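If you check TrEMBL, you get these features:
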- A:21-254: domain 'Nmd3 N-terminal' (DOMAIN)
- A:257-300: domain '60S ribosomal export protein NMD3 SH3' (DOMAIN)
- A:321-407: domain '60S ribosomal export protein NMD3 OB-fold' (DOMAIN)
Amino acid sequence: MAMAEEAGMFVVHQTIGTVLCCKCGIPMQPSAANMCVNCLRSEVDITQGLRKQVIIVHCPECDSYLMPPKTWIKCRLESNELLTFCWNKVKNTDFKKNKIRGVHAEFIWTEPHSKRIKVRFTIQKEVIANAIFEQKYIVEYIQHEGMCHSCSKVQANPDQWVAVVQLRQHVSHRRTFFYLEQIILKHDAAARAINVKQMSEGIDFFFANRSHAIKFVEFVGKVAPVKSRHDKQLVSHDSKSNNYNYKYTFSVEICPISREDLICLPPKVAASLGNLGPLVICTKVTNTIALMDPLTLRHCFLDAERYWRTPFQPLLTCRQLVQYYVIDVKIVSSEVNVRGSSYTAADVEVARLADLGTVLYAKTHLGHLLKPGDYALGYDLYGANTDDAELDNYRGLNLPEAILIKKSYEETRQKKRGKPRPWKLKSLNMELDEPKSRVEQEKVNSDYEQFLKDLEENPDLRFNISLYHNGEYQPSEMGTVTDGEDVPSVPLEELLADLDLSDKEVEDYCMEE
Amino acid sequence: GFFVGLQFENSCEIGVFSKLTNAYCLVAIGGSENFYSIFESELADVIPVVKTSIGGTRIIGRLCAGNKNGLLLPHTTTDQELQHLRNSLPDQVVVQRVDERLSALGNCIACNDHVALTHTDLDRETEELIADVLGVEVFRQTIAGNILVGSYCAFSNRGGLVHPHTSIEDLDELSTLLQVPLVAGTVNRGSEVIAAGMTVNDWTAFCGSDTTATELSVVESVFKLREAQPSAIVDEMRKSLIDSYV
């Protein structure tokens with residue numbers, strides 16, 4: 001017919017006549033089955049043989065449903081995931097077997113406590129020679145309660161862990177751990193930890209899965225120079241199915257060198273680094289240690305492996321820093337740029353604040369920062385009593401009288417004492433040690449304060465850390481009295497707005513330096 | 001009258017296993033005698049009911065085509081069958097074997113005593129033979145786009161039933177050709193193969209077991225079977241016969 005029309009021939013218009021439905025006799029258009037729709041519907045039931053009630057297992061603790069044999073899918077009532085779950089349950093068994101095509105599915109409201117989920121499916125099936133029949137039917141899902149594997153484990157023993165990562169650093173301060181805590185928070189590395197416990201000289205992280213612990217150990221290895229070892233301990237053993245349950249322990253030791261430490265390198269190490277003058281300052285610790293000779297402004301890097309081959313202790317650490325008053329500065333050489341930080345060699349005349357009478361002469365690398373009348377922090381080698389074994393190795397070494405480490409803003413900070421900072425940090429949810437003595441607690445507090453000051457003074461430290469806007473801070477109405485220079489503080493653009501909902505969204509806006 | 005509920009060996013397609021005309025009735029040889037006995041009880045005193053096979057098969061309704069004037073058989077018919085039929089049928093019925101490529105004559109030819117509809121690809125010789133032997137006017141037609149006209153329609157001298165999908169224009173055209181009222185309908189619970197599901201002559205119709213009451217009422221009304229009496233029609237035939245002798 002179509003061809004005839006295309007050929008331009010005259011084609012008689014065809015009107016379809018009516019026939020009587022063979023069952024009920026009402027006039028209808030002829031169809032493949034020659035029965036009216038109602039008769040066909042009464043004749044044919046394509047839902048015959050399909051299950052109308054299906055049992056599903058639900059875990060009340062974590063609100064997830066079991067997809068046999070082992071997967072648990074977390075979904076809320078009347079959500080898309082639950083609909084997909086119900087659909088899949090019926091599709092693979094019933095629909096495929098009866099050659100039924102599912103077209104549509106929707107929930108029918110049931111009381112949430114009734115433990116019944118009703119879904120109305122619209123299905124299509126071929127009936128009587130190419131006639132496709134569509135029908136709706138309801139499947140009732142009966143919810144049985146049963147705890148999933150992970151919840152039952154947690155219930156049985158909530159303290160049960162499978163793997164623990166024990167981070168230790170054998171130094172007297174906790175600055176490294178404050179810094180690490182911030183990095184871990186930023187990268188969300190401890191998301192899978194079921195428990196975090198603070199110990200003396202370190203932190204323990206507990207995990208439910210060995211692979212999570214390994215991932216964490218690798219993460220720490222990227223941000224600090226560490227040495228690790230692992231062990232396992234047999235907990236239980238099923239000889240019939242050959243299942244062995246272990247507890248895994250990862251012992252991670254962070255090197256004791258921190259920023260601003262004064263180190264006397266052992267002769268072998270000094271030689272291997274190109275005869276770097278035995279006294280060096282550590283300028284930065286990431287997964288490598290950056291060492292700098294303050295007198296020659298030479299620098300080098302030690303990676304973790306190399307350090308642990310010939311480990312060495314610092315000579316003097318931050319606790320031994322002493323305040324100096326700068327009397328005179330004479331710049332010796334031009335500004336040198338070392339890996340992003342600039343230093344200038346200078347000769348200085350300083351005096352210890354505690355003993356302003358004695359004038360000390362020293363070389364320093366802080367020539368670009370210091371001016372006469374400034375305050376600085378440094379190591380007092382003139383008056384120090386060091387019994388370091390390494391120093392003895394060097395006969396005839398001329399110890400400088402003082403090594404300045406950083407400029408001190410103590411005086412200007414005095415004025416701002418007590419006022420809150422415009423930014424704040426978040427902290428990990430840690431289980432703390434037993435309450436220590438008051439002296440120790442004060443030490444920890446002062447360490448933390450020092451850490452915050454470090455963050456303010458050093459932009460490169462802030463790189464890996466998220467700082468949040470402190471809602472309690474109000475900029476003071478009085479204009480800041482500038483006494484020459486201002487206390488370094490964190491520029492406001494670097495602060496992340498602290499959203500109540502979740503911090504993760506805000507991570508996207510992290511500052512780029 | 002009309003009869004329903006017929007089954008040939010549990011099949012409701014009785015038009016396949018029987019051929020009914022105004023002068024004779026052919027029935028296939030079945031396992032049980034029930035099928036034959038129904039035809040016999042109804043028709044035996046009026047017209048001869050003959051048990052036969054064609055080409056060794058039982059699907060005689062679809063292989064042969066005939067009316068009161070003659071009977072056409074396919075080339076697969078054996079000599080014995082031919083002879084048997086010649087002997088059993090009345091003398092005025094011309095039994096002829098046709099050499100035709102399309103050997104299922106029952107599917108290709110639908111006829112009553114005056115007009116025949118044939119398959120469009122039928123040979124010219126066969127067409128002439130039909131016109132000769134059956135004494136009818138031959139028209140090549142299709143029904144609802146189907147070329148097997150013998151399967152998709154069944155008509156007698158009083159009326160006819162065609163494939164349900166036939167359009168109204170086609171229906172009018174066929175009706176004009178055949179000069180009988182036609183209606184589109186189904187038999188055997190919606191089956192479109194009309195001639196396979198029922199067999200009809202001017203006063204009786206036999207329908208398969210699956211035919212519903214609705215279909216039956218349609219059949220009854222279009223073939224005008226309610227008031228039909230065999231005797232009147234057969235007397236008329238006899239009258240015309242006697243006339244010719246004289």
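Here the Cβ of each residue, glycine as well, is placed from N, Cα and C on the backbone.
Per DSSP, the secondary structure of the domain '60S ribosomal export protein NMD3 OB-fold' (A:321-407) breaks down as 5 helix, 48 strand, 34 coil. Residue counts for the domain '60S ribosomal export protein NMD3 SH3' (A:257-300) under DSSP, split into helix (H, G, I), strand (E, B) and coil, are 6 helix, 17 strand, 21 coil.
Looking only at the domain '60S ribosomal export protein NMD3 SH3' (A:257-300), the predicted model's pLDDT averages out at 85.
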